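Just below is one structure, and these are the notes that go with it.
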Amino acid sequence: MTIAKIEDAIEAISRGEMVIVVDDEDRENEGDIIAASDSITPQQIAFMMNHARGLVCVAMPGERLDALDIPLMVSRNTESLKTAFTVSVDYIPGTTTGISAADRAKTVRALVSEGSRPEDFARPGHIFPLRANPEGVLGRTGHTEAAVDLCRLAGKFPSGTICEVANDDGTMARLPQLEIFAERHGLLVVTIKDLVSYLKGEVVEEMVQKQVA
């Protein structure tokens with residue numbers, strides 16, 4: 001299986017499908033499943049829980065987290081890659097303990113719903129929002145930023161639900177295993193490196209258009 005084009009991943013996400021995004025070998029060298037938060041389903045959450053096995057998180061813009069009064073988990077981040085975890089949350093209306101796939105999907109969709117208010121969420125909970133760098137992957141080449149950028153490019157709310165992919169033995173899946181996993185489940189694989197190149201191309205194109213205008 002070959003690495004897919006960024007354009008194909010954008011189209012897949014716009015249709016509500018999941019994709020796998022891989023970062024650089026000299027970074028985490030891991031793959032995350034990404035799906036648009038505004039159309040996430042219980043079935044997609046269950047797939048992440050059963051097959052990917054990582055932590056289900058929601059990559060979000062900082063302004064949305066501020067609007068919901070969801071602060072960073074710690075004031076001083078000492079994690080190696082500075083992943084910006086916030087306080088975990090559960091959506092209260094219409095959910096039970098918050099941990100089921102259905103409850104988690106409700107929480108994710110509520111996080112990106114304009115009608116949600118800070119008091120609608122219990123803290124701590126079972127969904128972990130992540131605060132994305134405001135410059136996206138051009139500011140930080142993480143899965144958090146890739147999820148936000150891809151969903152924005154797909155015309156969705158700029159928030160992606162993400163989950164790391166692990167092997168059956170609990171080790172983290174790398175590119176060879178990720179390609180096998182993707183082929184088995186019919187998912188596209190793209191790289192953050194290609195997403196950075198795609199976005200840099202967009203920036204250059206915008207600059208050229210402004211100069212022509």
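Cβ atoms are placed via backbone N, Cα and C, with glycine included.
Database features (Swiss-Prot):
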- R27, E28, D32, R140, T141, G142, H143, T144, E164: D-ribulose 5-phosphate binding site (BINDING)
- E28: Mg(2+) 1 binding site (BINDING)
- E28, H143: Mg(2+) 2 binding site (BINDING)
- H126: site 'Essential for catalytic activity' (SITE)
- E164: site 'Essential for catalytic activity' (SITE)
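Of the recorded residues, H126 (site 'Essential for catalytic activity') and D32 (D-ribulose 5-phosphate binding site) place their C-alpha atoms 18 Å from one another.
Under the three-state DSSP scheme, T141 (D-ribulose 5-phosphate binding site) falls in the coil class. Proximity of E164 (D-ribulose 5-phosphate binding site) to non-local residues of its own chain (separation of 6 or more, Cβ distance below 8 Å) is seen for E30, G31, D32, A52, R53, G54, L55, M172, given in sequence order.
Listed recorded positions: H126, H143. The one with the lowest count of other Cβ atoms within 10 Å of its Cβ is H126.
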